[in-house]
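Presented below is the structure to which this report refers.
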Amino acid sequence: MSMFNKVVKEFQWGQHKVRLETGEVARQASGAVIVDVEDTVVLATVVGAKSAKPGQDFFPLTVDYLEKTYSAGKIPGGFFRREGRPSEHETLTSRLIDRPLRPLFPEGFYNEVQVVIHVLSVNPDIPADIPALIGASAALAVSGLPFNGPVGAARVAYIDNAYVLNPTRDQIKASSLDLVVAGTERAVLMVESEADQLPEDVMLGAVVFGHEQMQIAIDAIHELVREGGKPEWDWQPAPKNEALIARVTELAHGDLLAAYQLRDKQARSTKLKEVYAATSAKLEEDALAAGTVAADKATVGNILFDIEAKIVRSQILNGEPRIDGRDTRTVRPIEIRTGVLPRTHGSALFTRGETQALVVATLGTKGDEQIIDALEGEYRERFMLHYNMPPFATGETGRVGSPKRREIGHGRLAKRALVKCLPSADEFGYSIRVVSEITESNGSSSMASVCGGCLALMDAGVPMKAHVAGIAMGLILEGNKFAVLTDILGDEDHLGDMDFKVAGTEHGVTALQMDIKIQGITKEIMQVALAQAKEGRMHILGKMTSAVSGANTQLSEFAPRMITIKINPEKIRDVIGKGGSVIRALTEETGTTIDISDDGVVTIASTSSEGMAEAKKRIENITAEIEVGQVYEGTVLKLLDFGAIVNLLPGKDGLLHISEIVNERVKDINDYLKEGQQVKVKVIQTDEKGRVRLSAKALLNEAAAASQSDTPPQQ
């Protein structure tokens, strides 16, 4: 009898066969599932602490997605030859998995939970993110932890006006949509997508299609749990202290209501801090008088937060003004300024209410492209977008340094929004980096980065296909009543039920990201949200077009200029030289950057037009072919007894035989030539070995013949 209680479930899912198994590997984890999709294999494990740490007032969930290089038959680079810090792709995939799982843990569950997914084998055609999400969901389901899952997931492409389930990498490249959707049997929880200006109904159709198609994976997880699941934890939320809730409400409700009449964020935040401090102080007085221990501040803070949420949500559902005084459809005031930084290639300051982004675009050459060493192979990115949000943006102090997961995620969302509207490399040969510095934040800073990024690119002279704007939507849902909010504030994001970000042009959507905190979002609600988002997007696009009608026709004087020439691919080695000596000297002496592709396309970039012209001339000389009959101005390199070696072009020499210098007999070559002397010669012969024979007397004879023909006949 086997020592393993192994359970396997297999199902056909679109183009792919999927295998789930549990009970053999990682048995000491709370839950472990291996997912195999056509040789892309992941191991998802879950460990949950049996009790919460004392005083814990939030849910400590961590999700780590780790790609092992052995999965693709590779050995890692670097001195230690082992995997190092997570790549950007691993960080983004960890976030992708975290987002639909987090809302499904019950309220009040504060035990630490860690989800770790290892990629063990990779089929280059099958991305590992969807198997990883399915595996994490299945591992949680079999673990017995309190989890209101399982979650299913699907990737959807849109090719030839038809949806494609879980496309291969080649299909994704050919698609006008790359959308990932995750959800439960009844509801969608998360959407992440990049699109090529698709209409809202196509985007919504893709979400619905993906949700329908993921049900087979959810059914398979249910079957796996029935046969291989562990007993459910006997966990119950701590009973609510109704007396404490009533006392806190009595003390703070009126003051919290007054705080939310303040329209300025800083004033409101100050007032809320005062209310929190005063309430805690009063409760400590009560406890001292009664001879008891006061409730801890975390518990009181959670009660106050719940009161805040009820106040804000009821005001909005009752049709009252929002926190800052707007109605549900109004976008905050917008101010736009471009060309704000004098020596950058392109810049824009985009301000929407109390959210502000200073965005800078920089143009570079092919050598500046980012090289990505992915499991499926190395590739290059010509467009980079980086998002930074320092603590001062929210009036706080904090750590400044390498980007956190949130910053990496926001940067990728803004990049997705803009990338489909960039010109192709053939139309605009530069590599492009956009950096969004968030200088103020009160909600929707990633969408401010989209707007500011588009404006900075246009200021830099990048011929965008269209203006791109982004907007963040929110939702308040109570029973059958709901309100969709346009351009949400940070507080509305925290207190609401949905964060729904849409970016696009006047023609359609380029990026859609949705995170839902509750079950029960219907197709109709998403339809309303998309329609209202389009209305807000069009308003912002109008403001952007008024400020900047199109891309600058002139690049910044500080941006590199580029010229392209074509050379014979067999001559590439001549331009590069031994150990790179020739190209290194070229770039240093002309002040240019030179990139050479395998097909012989040479790109020369520099801020100096003179330097570019010189580099172009020298490359043309290096790659030029010596032709018989051509006349060259050469330099005598070396004198021999029987002639002279003359340099015609860089790296190309010829022999001027002693008999070809002048018509009369030459006794001593030193009487006619010196090393370093400039001499005009004609190519009279080349052979199959590349040897070149030159003549100076041929030019003398031609000159004599020409002068004789010009002499008038005698009478």
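Every residue number used here counts from 1 along the chain in the order it is shown.
Cβ coordinates come from backbone N, Cα and C, glycine included.
When other Cβ atoms within 10 Å of the Cβ of D493 (Mg(2+) binding site) are tallied across all protein chains shown, the result is 18. As annotated by Swiss-Prot, Mg(2+) binding site applies to D493, D499.
The feature domain 'KH' is assigned by Swiss-Prot to 560-619.
Residues annotated as domain 'S1 motif' in Swiss-Prot, with sequence analysis given as evidence: 629-697.
Mean pLDDT across the domain 'KH' (560-619) comes to 89 in this model. A simple way to gauge crowding: the CB of D499 (Mg(2+) binding site) has 21 other CB atoms within 10 angstroms, across all the protein chains here.
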